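Swiss-Prot lists Gly8, Asn9, Pro10, Asn11, Val12, Gly13, Lys14, Thr15 with the feature GTP 1 binding site, giving sequence analysis as the kind of evidence. The GTP 2 binding site feature in Swiss-Prot is assigned to Gly33, Val34, Thr35, Val36, Glu37; the stated evidence is sequence analysis. Swiss-Prot lists Asp52, Leu53, Pro54, Gly55 with the feature GTP 3 binding site. Residues or ranges marked as GTP binding site by Swiss-Prot: Asn112, Met113, Ile114, Asp115, Val141, Ala142, Arg143. Positions annotated as domain 'FeoB-type G' by Swiss-Prot, on the basis of sequence analysis: 1-161. Annotation source Swiss-Prot lists transmembrane segment at 281-301, 342-362, 382-402, 425-445, 452-472, 516-536, 544-564, 567-587, 608-628, 637-657.
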Amino acid sequence: MENYCILGNPNVGKTSLFNALTGSYEYIGNWSGVTVEKKVGKLKENVGQLIDLPGTYDLSPISKDETVVTDYLLNDSFSGIINIVDASQLKRNMQLTVQLLELNQPIYIGLNMIDVATKRGIKIDYHKLMKKLKTPIFPVVARTGKGTKHLLGEIKHLGEGYQPHFKINYGEKIEETIKNMCQIIMTETSHDKYQARFIAIQFLLNNMQIANELNSEVVNKLSSLRDQVDKQVEAVSVRREMERIRNHYIETLLQDVVTYPDEDKQYFSSRIDKILTHKYIGMPIFLAIMWLIFQTTFTWIGTPLSDQLDAFIGGTFTDSVKTIMNYLGVIPFLQDLITDGIIAGVGSVLVFVPQIVVLFFFISLLEDSGYMARIAVLMDRIMESFGLSGKSFIPMIIGFGCNVPSIMAARSIENEKERLTTILIAPFMSCSARLPVYALFVGIFFKENQSLVVLSLYVLGIIMAFLVSTVLTKTILKNDNAIFIVELPTYRVPSIKTLWRSTWEKAKGFVRKAGTFIFGGSVVIWLLSYVGPHGINVNINQSFLHMVGSFFGMLVQPLGFGTWQAGATLVPGFLAKEVIVSSMAIIYSSGDAGLVNVIQNQFTPLSAYAFMIFILLYIPCVSTVAAIRKETYSWKWTALAVVYPLVTAYVLTFIFYQIGHLFV
């Protein structure tokens, strides 16, 4: 099967094009740093495989995710490259395009965001550009799919009759050095003359990953040649001279290809940015937007729908299943397992799907509109005080959906200590798995202020992440503040198709989790409540679950929720935070009173909020722990990521409850 890779700058629509060409769905967002690892999809019409590589401005990697690109181009086998560029930022995008052309591999250029360029009054004669580069160019609008069908039909012809032809003349002295380097590379390695020239150029540009691919003897020889030509060029260094020549080439190339308008048509966008990123009013606007989202999720739309679903699952559906099982003569043990274990456990989580869908819809809307990137800029000013940059806030925002991709997104951070700090604090972000716990308790104890209470938990998670990062960056992970540079994407009206796909995929993942982790956890919890030291079908107060819960309940007694039932729910919470709710449903369904009534009797508003604080901050779920181990390559950091949140959760919850208990 033929392999093709898709490359481009961050936030030019690579993943949108990947989805359009493969029919799959990968997470997309109107901001940079969404793709942090290689993703593979099967092209439609069985054309081959498409590899989506992380966005990069240059083939000299400065962050962990960018090393994936250079490593793939040097070491993997592929039939051709699809370089997607932003038509509204063509000059800047051509920096990477030129480097890819210097590979002298079959390449197509996808001219994306033609619609954005047109709205700005930018005119591009892509036919003329195609003739100049001798490379096929396809205008597309990846987010709507316009032009992608034509591109898909042509991909199978990529490379047919291809002849290497691209070459920039870097001047006599540098070209002589490149020639000498090529001879060394071809003699000492298996690279052909085109690969050798590419390697030589990248070596002169101080691409350290290229140097790492070569043996020390070759590196020493090439370094000697680079040092010699460094002294010969008039510029500060050979790298600066080559960059100057390359920039001149691009300017000449685009001179009669791109026509810009006389006046700036982004004036309105700039005015909005001055308000949304204002150092005084920007943050209140963000908090107001988040309050509005939570108000819609928990009061206006989400909760009423969840109540209807809860009534259906707990009533009509459960009664129907019982009737069918009685008719079929299913043994009592299985009947109890299915109704009191599986339906009660999984159903108690599924009832929150409407709220999850509403929340995901609005988060996707903020992402696709371009607003989230502005929040990263806004937070950069604040995060400097805590030893981080705005680039760390991007993974943190992703953590509102799930902590696992947020930890992986930290690859885009160049500074290794800042990357590690971000990984360690990311689990404090309120992921969707915690949302059912919040929804259950705020619906019982804080009906009049549900949105404010949930917002306070999200804000608390961010504050605790900042405080911990301050400690880490001043002690074991001390580092200099990094400069945060981010490209603010164009504001755009969110695509209904994109919003639907994004919301659907996230909700589907939540439901899929209910069918795996939560299903398994519910079965185990029910069995532990069914079996005890004295046999099976015992009273729950004599079960193994009661024994485990009593031990942990004793430990959390000072936190305000020291019942054995609450203690028993904390252990499976390590598997997945949603299992906490399913465990409660199973444990409390063993009695005659309903879940809501029992929780009202065992918790107070104070202890309920304390419980939510503990759930917010304590041990990350097993998937998150696995992601931390994968990204840090260290059991030491992984152990720290498990232990310190538990200690933090215990101490903060203790302080909150004990002080609150003095006044309530």
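Every residue, even glycine, has its Cβ placed from backbone N, Cα and C.
Feature map: Swiss-Prot annotations on the structure.
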| residue | record | contacts (Cβ under 8 Å, 6+ apart) |
| --- | --- | --- |
| Gly8 | GTP 1 binding site | Lys14, Gly55, Asn83, Ile84, Val85, Asp86, Asn93, Leu96, Asn112 |
| Asn9 | GTP 1 binding site | Gly55, Thr56, Tyr57, Val85, Asp86, Gln89, Arg92, Asn93, Leu96 |
| Gly13 | GTP 1 binding site | Ile84, Asp86, Asn112, Met113, Ala142, Arg143 |
| Glu37 | GTP 2 binding site | Pro54, Asp65, Val68, Met408, Arg411 |
| Asp115 | GTP binding site | Val141, Thr144, Lys146 |
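According to DSSP, Asp52 (GTP 3 binding site) is assigned to a strand segment. Counting Cβ pairs under 8 Å to the transmembrane segment (516-536), the top-ranked stretch among 425-445, 544-564, 608-628 is 544-564. Around Pro10 (GTP 1 binding site), taking its Cβ as the centre, 21 other Cβ atoms fall within 10 Å, counting all chains. The stretches the transmembrane segment (452-472) and the transmembrane segment (425-445) meet in space: the count of Cβ pairs below 8 angstroms, excluding pairs fewer than 6 apart in sequence, reaches at least three. Outside the transmembrane segment (544-564), and at least 6 residues removed from its termini, the chain residues within Cβ reach (under 8 Å) are 525, 528-529, 531-533, 570-571, 587, 602-604, 606-607, 610-611, 614, 650, 653-654, 657-658, 661. Residue environment of Lys14 (GTP 1 binding site) contains 28 other Cβ atoms, counted within 10 Å of its Cβ in all protein chains.
Restricting the binding-site residues Pro10, Asn11, Val12, Ile114 to those with a CA within 10 Å of the CA of Asp52 (GTP 3 binding site) leaves an empty set. Other C-beta atoms found within 10 angstroms of the C-beta of Met113 (GTP binding site) number 27, with every protein chain shown included. Highlighted in sequence order, Gly13, Ala87, Val116, Val140, Thr144, Lys146, Gly147 have their Cβ within 8 Å of the centre of the Cβ atoms of Asn112, Met113, Ile114, Asp115, Val141, Ala142, Arg143, the residues recorded for GTP, and are not part of that set. Taking all protein chains in view, 27 other C-beta atoms sit within 10 angstroms of the C-beta of Val12 (GTP 1 binding site). Counting same-chain residues at least six beyond the ends of the transmembrane segment (281-301), those with a Cβ under 8 angstroms from any Cβ of the stretch are 275, 354-355, 358-359, 362-363, 366, 371, 374-375, 378, 382, 439, 442-443, 450-452, 454-455, 458-459.
Taking every protein chain shown into account, Asp52, Asn112, Ala142 are the binding-site residues, and of these the Cβ with the most other Cβ atoms within 10 Å belongs to Asn112. Reduced to three states, the DSSP call for Asn112 (GTP binding site) is strand.
Within its own chain, the transmembrane segment (637-657) is flanked in space by residues 420, 423-424, 427-428, 464, 468, 556, 558-560, 606-607, 609-610, 613-614, 616-620, 625, 628-629, which lie at least six positions past its ends and keep a Cβ under 8 Å from the stretch. Remark: of the binding-site residues Pro54, Gly55, the most isolated position is Gly55 (fewest other Cβ atoms within 10 Å of its Cβ). Each of the binding-site residues Leu53, Ile114, Val141 was assessed for Cβ neighbours inside 10 Å, and the highest tally belongs to Leu53.
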